[in-house]
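J.: Quick one: the structure is below, and I'll ask about it shortly.
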Amino acid sequence: MMTHHQETTLPADQHRIPLEALQQRLHCTGEGLSAAEAAQRLLEFGSNELRVRKETPEIVKFLRQFGNFFALLLIVGSALAFFADYLQPGEGNFYIGVALLAVVLLNALFTYLQEQQSERIMESFRNMLPSMISVQRDGQLARIEARLVVPGDVIVLEEGDRVPADGRLIEVNQLKVDHASLTGESEPQLRKVACTHDKLMESRNMVFSGTLVQSGNGRALVYGTGMNTQIGQIVQVTKEAGTVETPIRKELHHFIRVISTIAIALGLLFFALSVLLGNPFIGSLIFAIGIIVANVPEGLLPTVTLALTMASKRMAKKNALIKNLEAVETLGSTTVICTDKTGTITQNRMRVATLVLGEDEWSADQSGLSQVEGFAEAWAAMVLCNNARLTDDHYLGDPTEGALLLLAQALQPIGDLAARFPRVHESPFDSATKRMITTHHGGNGQHAQDRHHAQPNVAYMKGAPEIVFDKCTHRLRHGERIEFDAAARRKALELYEVLAARGERVLALACKATDADAASEEDFVYLGLVGMLDPPRPEIAEAIDRCRSAGIRVFMVTGDYPTTAESIARQVGLFTGDGRVVVGEDLLAMSEQEISVLLDSRELVFARSTPLQKLQIVKGLQKKGEIVTVTGDGVNDAPALKNANMGVAMGLSGTEVAKEAADMVLMDDNFATIVQAVEEGRTIFANIKKFIAYVLTSNVPEILPFIAFVAIDAPLALTVVLILTIDLGTDILPALGLGRELPEEDVMKQPPRRRDERLLTWPLLGMSYGIIGMLQAAAGFFAFFVVLERGGWVWGAELPTSSLLYQTAVTSFFAAVVICQVADVW
């Protein structure tokens with residue numbers, strides 16, 4: 001018997017049948033489900049998640065650890081040791097082969113466990129970023145995790161949402177959904193309520209799980225969730241996505257190539273030299289193995305993984321979630337941060353501070369405001385031209401719209417105003433138009449506009465003042481429409497400047513009577529201005545100062561009015577001198593050369609900027625060789641987030657589209673968190689470099705005994721087994737400690753590292769091999785020959801490897817190197 005949890009064949013007529021028939025099929029109404037019914041259906045149908053087979057079996061992940069070049073070198077060395085034992089048994093070569101295999105196995109196991117830990121951490125990060133969606137439950141709008149959506153739910157889709165399930169549209173307002181990932185449509189298409197095609201996938205009254213809302217809004221009745229969706233039928237087996245090689249991975253591969261080349265070249269060279277000097281073939285082979293093994297830094301990969309994992313965990317505690325572990329390091333080389341203002345620099349706690357009604361300015365908390373001339377129309381505009389919803393304790397929706405609703409409710413109870421003046425059309429706000437227009441039935445003459453005009457509908461507009469002013473031909477005075485002439489327009493602009501200079505975000509309100517359901521954008525009546533304050537975060541000034549000390553420039557890219565943007569920039573210390581404010585339109589008029597010169601500025605704010613201009617800024621900086629970190633929250637920010645070296649999305653206010661495009665998500669939307677993440681990124685590179693410097697130093701005292709044995713016929717001061725002991729004991733464990741190192745005090749007082757700076761540099765090689773390594777080798781040889789000399793040995797005398805004197809001397813060399821290595825960590 002088939003249960004609801006199993007995949008079923010979906011009927012293909014949901015787009016064609018009457019909406020009432022679909023509701024009957026789903027046993028629901030157009031108002032959604034009750035919470036109790038939704039809970040029951042969740043048990044019945046299961047969670048709204050795709051069930052896919054595991055990408056890679058664990059055994060395959062483990063076996064992959066044997067495929068890195070260092071592991072292959074050790075495996076070849078082990079095979080040669082076993083071959084030597086086969087040709088000449090009883091010389092101890094068998095144990096060398098076993099020891100080499102043991103090292104490979106232990107290193108593979110350790111690296112595998114580290115990667116498992118990092119995968120679990122990244123999975124926990126993903127679980128902290130659940131996809132959210134608005135649904136109608138119990139007649140109220142609620143925000144829930146997308147996995148809790150069930151058939152029969154009515155979902156509310158807004159710009160930037162990822163559609164959580166397959167559904168049929170029951171209401172649309174200029175709704176555009178990008179179906180490219182599912183149907184191959186080249187452009188987002190306007191959705192409709194009516195069926196437009198016989199084929200389910202091509203009818204515009206449908207939305208499908210996994211697609212993206214590009215603009216507008218709407219409501220849809222869910223009929224398919226989880227595996228019972230179009231994408232669920234396609235994605236039966238998860239395909240492993242290809243990954244781009246990150247800078248840190250490239251550097252590690254470069255390091256492995258260089259060290260492996262050195263190891264193989266030295267091994268072959270001294271093997272040939274040993275044979276030419278008349279040493280036995282087997283003995284020469286073992287020396288070659290010893291030299292190769294001595295050059296292999298066994299702890300490299302687990303240490304790098306540990307360093308990245310620990311940094312990611314520290315960042316998560318500071319509210320920064322990394323989506324790609326190796327992207328952490330990219331932050332460390334950031335030279336420019338392009339940040340939003342609202343919610344990132346500021347607290348995203350909008351409150352209305354000022355109302356301008358007509359030509360008079362009023363404080364929002366001033367008593368008697370509801371009796372002021374023009375208040376009724378402005379109040380109605382704030383309530384009706386608004387997509388936020390009041391809840392028992394706050395609001396649900398955009399902070400700007402929420403602030404308008406809270407003020408309106410405080411001044412005069414809203415009640416059933418929206419029901420008395422039902423919305424018949426909406427032209428949504430977007431970054432290009434910078435305004436929102438809604439049209440409402442006039443309520444049979446109950447509205448102020450209807451008392452003066454015969455038209456049945458009333459339209460409201462709110463948006464950027466300079467946009468709204470251009471669409472207004474009249475204003476209200478004493479309840480009558482009079483011309484919005486040049487003098488009145490000039491006065492309105494002056495008041496706009498006054499509010500903006502105080503750091504207030506300003507919206508203009510307008511209305512008009514109309515007989516059309518979709519109001520045209522001219523002949524509006526100007527009602528007034530609303531000034532909103534969003535205070536800067538208290539920690540921002542210090543964070544910007546830290547960036548300045550670290551050689552990182554911070555540019556603010558905002559859609560706000562230039563005066564408002566400049567006021568906030570000065571409040572937080574972004575401008576310390578003659579900072580420049582550039583308006584988005586001016587940027588479009590500049591030549592490539594002019595933009596290049598502009599981007600050399602130390603202090604810049606881009607105001608009235610669109611997401612397209614943000615992308616232009618990012619690309620311009622990258623052309624100049626800058627490493628750019630960009631913040632974004634909207635659907636149109638996705639191109640900039642994708643193109644930046646490091647894309648940072650907002651976890652609280654960000655859309656699903658922005659979060660998907662970003663490399664990192666800020667759970668607190670706080671700019672200061674980005675600065676802490678940059679510090680961690682710098683620390684990772686420094687820690688890996690410390691590890692490389694540390695591990696290379698022991699190569700010298702491990703290699704020189706073999707070179708001395710071949711070149712000057714000195715007794716072999718170190719055996720292959722002891723080399724492995726040093727590598728496992730004093731290389732891996734202390735190196736893991738280096739991977740956990742906390743940031744140095746001055747890490748944010750250094751300039752950003754060059755993007756082409758290598759992990760392995762000539763100065764580092766010179767310090768490791770030429771100075772510290774030589775000191776360790778000298779200490780080892782000193783201990784070795786002192787023990788031999790005190791035991792009565794003289795140069796040239798025979799020294800059996802089984803003698804107590806030889807074994808004591810070798811132990812002394814080993815102990816000296818270990819002590820030097822431990823001291824080197826400190």
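Cβ coordinates come from backbone N, Cα and C, glycine included.
Just so you know, TrEMBL annotations never went through curation; they're auto-generated.
Features from TrEMBL:
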{"type": "DOMAIN", "residues": "13-86", "note": "domain 'Cation-transporting P-type ATPase N-terminal'"}
{"type": "TRANSMEM", "residues": "69-88", "note": "transmembrane segment"}
{"type": "TRANSMEM", "residues": "94-113", "note": "transmembrane segment"}
{"type": "TRANSMEM", "residues": "255-276", "note": "transmembrane segment"}
{"type": "TRANSMEM", "residues": "282-308", "note": "transmembrane segment"}
{"type": "TRANSMEM", "residues": "691-712", "note": "transmembrane segment"}
{"type": "TRANSMEM", "residues": "718-738", "note": "transmembrane segment"}
{"type": "TRANSMEM", "residues": "759-784", "note": "transmembrane segment"}
{"type": "TRANSMEM", "residues": "804-823", "note": "transmembrane segment"}
J.: Using a Cβ cut-off under 8 Å, which residues of the same chain at least 6 positions beyond either end of the transmembrane segment (255-276) come close to it?
T.: 68-70, 73, 283-285, 287-289, 291-292, 294-297, 300, 692, 703, 706-707, 710-711, 759-760
J.: Cβ under 8 Å to the transmembrane segment (804-823), counting only same-chain residues 6 or more beyond its ends: which ones?
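T.: Counting only partners 6 or more residues beyond its ends, the transmembrane segment (804-823) has Cβ contacts under 8 Å with 694, 697-698, 701-702, 705, 715-719, 722, 725-726, 729-731, 734, 775-777, 779-788, 791-793.
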J.: What parts of the chain pack near the transmembrane segment (759-784), using Cβ distances under 8 Å and only residues at least 6 beyond its ends?
T.: 251-252, 254-255, 258-259, 685, 688-689, 692-693, 696-701, 704-705, 708, 715, 717-718, 809-810, 812-817, 819-821, 824
J.: What stretch in 94-113, 282-308, 718-738 has the biggest tally of Cβ pairs under 8 Å against the transmembrane segment (691-712)?
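T.: It is 282-308 that shares the most Cβ pairs under 8 Å with the transmembrane segment (691-712).
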J.: By DSSP, what is the split of the domain 'Cation-transporting P-type ATPase N-terminal' (13-86) into helix, strand and coil residues?
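T.: Across the domain 'Cation-transporting P-type ATPase N-terminal' (13-86), DSSP assigns the residues as follows: 47 helix, 3 strand, 24 coil.
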J.: Using a Cβ-Cβ cut-off of under 8 Å, list the residues of the same chain that are 6+ residues beyond the ends of the transmembrane segment (282-308) and lie near it.
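T.: Sequence-distant neighbours of the transmembrane segment (282-308): 65, 68, 70, 73-74, 77, 80-81, 83-84, 87-88, 91, 93, 96, 100, 103, 107, 110-111, 114-115, 118, 248, 252, 255-256, 259-260, 262-264, 266-268, 270-271, 274-275, 325-326, 328-329, 684, 687-688, 691-692, 695-696, 699, 702-703, 706-707, 709-710, 718-720, 723-724, 727-728, 731-732, 735-736, 738-740.
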